[in-house]
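Shown next, in structure tokens, is the structure this report addresses.
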Amino acid sequence: MWYQSASLLGVAAVAQAATVHYSLDLTWETGSPNGVSREMIFVNGQFPGPAIILNEGDEAIIDVTNHLPFNTSIHFHGIEQKNTPWADGVVGLSQWAIQPGQSYTYQWRADTYGTYWYHAHDKAEIMDGLYGPVHIRPRPNRDSPFSMISDDPADIRAMKQAERNGKLVMLSDWDHLTGQEYMKAMEETGYDIFCSDSVLINGRGSVFCHDPEELTQMVPPPELAILNSSLTDKGCLPFVPPIQGNWEHHPDKVPPGLNEGCHPSTTQETIFTVDAAHQWASFHFISAASLKVLVVSIDEHPMYVYEVDGRYIEPQLAHSVKLYNGERYSVMVKLDKEPANYKMRAANDGGNQIVSGFATVTYEGGETSQRPSQPYIDYGSRNTSADVIPLDTNHLPPYPAISPASEPDDFHILMLGRTNSSWEWSLDGAAFLPSNLAALPPAILSPQAPEFADALKITTRNDTWVDIVFQLVVSETTPIQPPHPLHKHSNKGFLLGTGHGKFNWTSIKEAKEASPESFLETPVYRDTFTTSPQGETWTAIRYHVENPGPFLLHCHMTTHLQSGMGLILMDGVDVWPEVYADMITPM
């Protein structure tokens, strides 16, 4: 079986803190998640990988055995790794690569609650299917925000139960090329390629082929303005100069079928079964997408968003939620509709391709109505009416309230842009290539190692607050930038604000005094911060250094990280953890 069924993703776990063991066996086999066969990665013989279910406070021991024909490692995305930085899963920073035939054990404590995921952190193996969900159930006495949705005690009890038994929903894009083939295509053509074949929901999807003119009508106005033709039959933007910049390109080397040449195929959709007797259902959405920004909705079912990146927020009502790469949102849904089949839709935001994936939410028991459900969004992610409410991602107040320090101890501006071609990206003018780290002694052994003297990095002291401003650079070589979902390993940080133009100030304080409208009244607390694609813009964050070790800060678009868009946070160098080589060496 090549997929993980929706029912299995809700597997039960022990109800009290314990030591919980999981084994993940990685194999390279032929699969067809969207009806087209290709080689891919399976975890324990399935795709996506099995769910890791824990209770808050549990000790997780996860044994990974690599039967793949290449090196790998596993990162537990969003897990803070407090006091276990050697378990972060980044080759060259926290461990040596797990070579073919080797095994490696990750051990960490589930200090937090919420929705996370695990995935490959070597090369472009996410694009080959190495990922699976993680859910940590909150301790029974943890304060939850459900009373802000309903003050009915029965409703609150039902919502707490729904959270514990939530439906884990992995949203991803899928390509007929392997990850390494995709990266090779960019290197040989010089193009920044972003076309996918399918959108998958829990490992199932189809290839849909529509009329290019019909798809072009769904293109958002900013992208429509730069089109000099229609979209391709796969719904992808053609390779146009405003997107690709003033670099050398080789269109004759684009692999057939990559950007155009659509051939339909189908598989059975994932089905999520809900029971109206439970009153409420919770869906834990996880974006495992490599290239796509996915907007998710459930027909005729408003959603109360109550958790973002593994942290409660004051619940927000929304009909659709946009997920950038690596983000997680948990929602509560009232089960008060007639028994029927309701579409779950995951549509690309439309910036680089018009494409969607689908699943079905069905009510258990009773006669099922055959009428089609009414959507909130269309195939191109556009709202179907003026009444549709998208989630406002700038208004996500943490629950309970939490705020950053009023002043930082350190301040950095990073200049985001291209380096040597359309497809090579950087966080600050130089390429940070993960592939170059594989042969080096991992940085966790010593922050002063000469191998990392010239690496792109930020060095901090423990118990300090750090401000980082991400400045998008616009030039002839980069006339337009896509949104960059910048994921911070280790602990979360605060999104302070965003603005247009250049960040011409020497501090956040100075910027707030000059442009108060650019800053959020309540900073958003999360582990992924997405830049605005609207020309020359900046995004400001603040985080607390409280977990010494080497951690990545990087764009979570797989192709962007692999081409150089990352840097090292050498956090807490004054109290660096003592680590021995055998702790981080696979066997």
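Each Cβ is built from the backbone N, Cα and C atoms, and glycine gets one as well.
Remember, predicted model here, so these are calculated numbers, not experimental data.
Feature annotations, reproduced from Swiss-Prot:
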- His75: Cu cation 1 binding site (BINDING)
- His77, His119: Cu cation 2 binding site (BINDING)
- His121: Cu cation 3 binding site (BINDING)
- 41-137: domain 'Plastocyanin-like 1' (DOMAIN)
- 168-350: domain 'Plastocyanin-like 2' (DOMAIN)
- 397-577: domain 'Plastocyanin-like 3' (DOMAIN)
- Asn71: N-linked glycosylation site (CARBOHYD)
- Asn228: N-linked glycosylation site (CARBOHYD)
- Asn383: N-linked glycosylation site (CARBOHYD)
- Asn420: N-linked glycosylation site (CARBOHYD)
- Asn462: N-linked glycosylation site (CARBOHYD)
- Asn504: N-linked glycosylation site (CARBOHYD)
- 1-17: signal peptide (SIGNAL)
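Annotated features, which come from Swiss-Prot, shown on the structure.
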{"residue": "Asn71", "record": "N-linked glycosylation site", "DSSP class": "coil"}
{"residue": "His77", "record": "Cu cation 2 binding site", "DSSP class": "strand"}
{"residue": "His119", "record": "Cu cation 2 binding site", "DSSP class": "strand"}
{"residue": "Asn228", "record": "N-linked glycosylation site", "DSSP class": "coil"}
{"residue": "Asn383", "record": "N-linked glycosylation site", "DSSP class": "strand"}
{"residue": "Asn420", "record": "N-linked glycosylation site", "DSSP class": "coil"}
{"residue": "Asn462", "record": "N-linked glycosylation site", "DSSP class": "coil"}
{"residue": "Asn504", "record": "N-linked glycosylation site", "DSSP class": "coil"}
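Taking the Cα of His77 (Cu cation 2 binding site) as the reference point, the closest of the recorded positions Asn71, His121, Asn228, Asn462, Asn504 is His121. Ranked by Cα separation from His121 (Cu cation 3 binding site), the recorded positions Asn71, His75, Asn228, Asn420 are led by His75. Within 10 Å of His119 (Cu cation 2 binding site), counting C-alpha to C-alpha distances, fall the following of the recorded positions Asn71, His75, Asn383, Asn462: His75. Looking at the domain 'Plastocyanin-like 1' (41-137) alone, the prediction's average pLDDT is 98. Set side by side, the binding-site residues His119, His121 differ in how many other CB atoms lie within 10 angstroms of their CB, and the most is found at His121. Asn71 (N-linked glycosylation site) is 43 Å away from Asn383 (N-linked glycosylation site) when you measure Cα to Cα.
In this structure, of the glycosylation sites Asn420, Asn462, Asn504, the smallest number of CB atoms within 10 A of the CB marks Asn504.
Under DSSP, the residues of the domain 'Plastocyanin-like 1' (41-137) split into helix, strand and coil as follows: 7 helix, 45 strand, 45 coil. For Asn228 (N-linked glycosylation site), the nearest neighbour among the recorded positions Asn71, His75, Asn420, Asn462, Asn504, judged by Cα separation, is Asn420. Spatially close to Asn71 (N-linked glycosylation site) yet at least six residues away along the chain are Val91, Ala97, Ile98, Gln99, Pro100, Asp122, Lys123, Ala438, judged by Cβ distances under 8 angstroms. Ranked by CA distance from Asn420 (N-linked glycosylation site), the recorded positions His75, Asn462, Asn504 have Asn504 at the top as the closest. His75 (Cu cation 1 binding site) and Asn462 (N-linked glycosylation site) have their C-alpha atoms 23 Å apart, to the nearest angstrom.
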